[in-house]
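The feature region 'Disordered' is assigned by TrEMBL to 96-141, 164-193. Marked as domain 'BEN' by TrEMBL: 215-325.
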């Protein structure tokens, strides 16, 4: 009886297990390891992609840092080349002006004046485009004969001078005032138009000798003018323009105001102050900066705000040149 009971129990146990083994449950038990493998593959691929992304990003960052450093070196080298170019051009311009002034001075000593305008007003330079001003010839060299006024073109004198000159011939006894005893030609003939550069030559205009007149008789070459107008930054423009207007040697020996800084005043040192920059050229540089800002399309407010930094940029330039040339005093 016991054995049969056990067999029945065993059969019942088998009968109880049989319904649980359905096809669906078997399918789930078979497909579950596949899903685990797919999830593992996806996780592994994500990890690999993340590692590759990190490595690629680090490589790109290193390459970008190298390119930035190379670009910085190239820009620094380019700035140095531009400074040297401006320095050489300014030196060449100064030498050319000195040579022209010396040669023209010798020619004036050898050749006497031949025309009326040369007899009354003789320019210091033969090349009128480079003459900063004119020199009046002494009155002893002026013609004394009144017949000269009859031979001259009547249109060369104002009507008032003719009205005063005619009674002098008809009435010899009448004496004229000292200020009217020697009529002077008009200003246009007494001073050549090319000799006085500032009023006759418009600002920021090209001249016949290849120079560009900025303002206050300050000129730069056309190549330097075009290079300065193409500057991307305002501070670079001011510093390069200062080197072109003065020179590296002059800027190294000057300061903006000519006064000692607070550091030297508090230390009580006996250092002599630097010479100030020429106000006429500083004004020309400020006008040139406004012309540059207008060409770039800056508004009036932006231009005025940037113009306040011109003194700072000039001071920085002079300090940089003094550090490069410690022997310059």
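Any Cβ shown, glycine's included, is placed from N, Cα and C.
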Need one number: mean pLDDT over the domain 'BEN' (215-325).
87
Just to be sure I understand, if DSSP states are collapsed into helix, strand and coil, how many residues of the domain 'BEN' (215-325) fall in each?
71 helix, 9 strand, 31 coil
